[in-house]
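**Student:** Handing you a structure now.
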Amino acid sequence: MDLEKNYPTPRTIRTGHGGVNQLGGVFVNGRPLPDVVRQRIVELAHQGVRPCDISRQLRVSHGCVSKILGRYYETGSIKPGVIGGSKPKVATPKVVEKIAEYKRQNPTMFAWEIRDRLLAERVCDNDTVPSVSSINRIIRTKVQQPPNQPVPASSHSIVSTGSVTQVSSVSTDSAGSSYSISGILGITSPSADTNKRKRDEGIQESPVPNGHSLPGRDFLRKQMRGDLFTQQQLEVLDRVFERQHYSDIFTTTEPIKPEQTTEYSAMASLAGGLDDMKANLTSPTPADIGSSVPGPQSYPIVTGRDLASTTLPGYPPHVPPAGQGSYSAPTLTGMVPGSEFSGSPYSHPQYSSYNDSWRFPNPGLLGSPYYYSPAARGAAPPAAATAYDRH
């Protein structure tokens with residue numbers, strides 16, 4: 001079948017094309033195919049030609065052929081769609097009024113709930129109902145109150161006194177600005193100079209708990225304000241801040257020069273001024289600090305004999321294993337002071353408090369005749385006591 005006998009190719013239809021496709025056919029970028037090409041695609045499809053063969057013979061992309069045929073089978077039209085057009089307007093005045101009415105009745109109503117209600121009340125159908133994003137945009141632009149309008153007086157009672165003070169202090173705009181926080185809330189704030197002066201006074205009167213509000217030489221100079229120190233002392237203090245925090249080998253081995261003696265004397269004179277400033281910055285007084293810190297506490301001295309005779313509650317007295325000897329008398333004499341050491345052999349008190357109750361916290365076990373029968377228990381091994389007291 002010869003398709004190009006009575007039908008011109010797209011190359012001869014238009015001039016000034018935008019490009020050439022993969023099949024060698026020309027096209028104008030962004031514009032639809034001519035109606036004659038569309039009609040020829042439909043005619044070939046009616047003749048039973050496959051879409052891939054139509055695409056190859058007419059030099060039109062396969063996607064374009066499929067799209068044109070699909071639209072023709074659905075609608076019966078070969079006309080192209082609207083290029084650059086928009087959807088029909090769904091936010092009609094009636095729909096906007098209904099959305100505003102729903103929002104006034106229930107301010108916490110979601111956009112999807114408004115959309116479902118519009119469909120339920122037959123205000124819109126499935127084709128004309130606005131989307132959720134469109135409803136949110138309508139509420140934001142047409143239903144809600146614009147920000148430049150004053151807030152009703154009834155909403156002022158919600159704001160507490162503390163929050164009003166904080167909001168007015170945070171706002172840096174002028175009092176007449178409608179876009180500031182004070183302008184939106186209808187709060188008349190004082191002038192900027194008054195706020196700045198109050199902020200400066202608040203910095204001086206309320207330091208942070210550790211006594212240092214802002215580090216650095218500039219802030220320290222601002223706090224001094226030339227009242228506590230002379231100009232010479234301020235220069236010395238500046239040199240101290242400029243000096244390195246860690247001394248190197250040259251500064252540690254270098255002797256003090258004569259011209260540095262005046263500097264050190266001036267630094268010594270800073271002690272009084274720094275003490276006064278620290279007393280003003282710190283919140284508690286030195287007397288309160290001294291009273292809160294406990295003084296030195298005395299602890300009783302435990303001698304060697306008392307330590308040996310002391311046993312922890314719930315534990316048996318210490319018995320060294322067999323074969324381990326005790327300290328001799330000369331050794332104990334060197335370890336214990338003479339006033340505490342009597343010279344008698346080191347012995348342990350009798351085992352009068354030693355029983356089986358410390359090993360068995362459950363009293364029911366002690367009631368068994370097995371633990372109290374001499375045959376079952378047997379005699380205590382005397383080797384431990386003999387090794388303990390043999391000296």
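Any Cβ shown, glycine's included, is placed from N, Cα and C.
Take a look at what Swiss-Prot says about it:
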- 16-142: DNA-binding region (DNA_BIND)
- 19-75: region 'PAI subdomain' (REGION)
- 94-142: region 'RED subdomain' (REGION)
- 182-218: region 'Disordered' (REGION)
**Student:** Per DSSP, what is the residue tally for the region 'PAI subdomain' (19-75) in helix, strand and coil?
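**Tutor:** Split into helix, strand and coil, the region 'PAI subdomain' (19-75) gives 34 helix, 4 strand, 19 coil.
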**Student:** List the helix, strand and coil residue totals of the DNA-binding region (16-142) as derived from DSSP.
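**Tutor:** Per-class counts: 68 helix, 4 strand, 55 coil.
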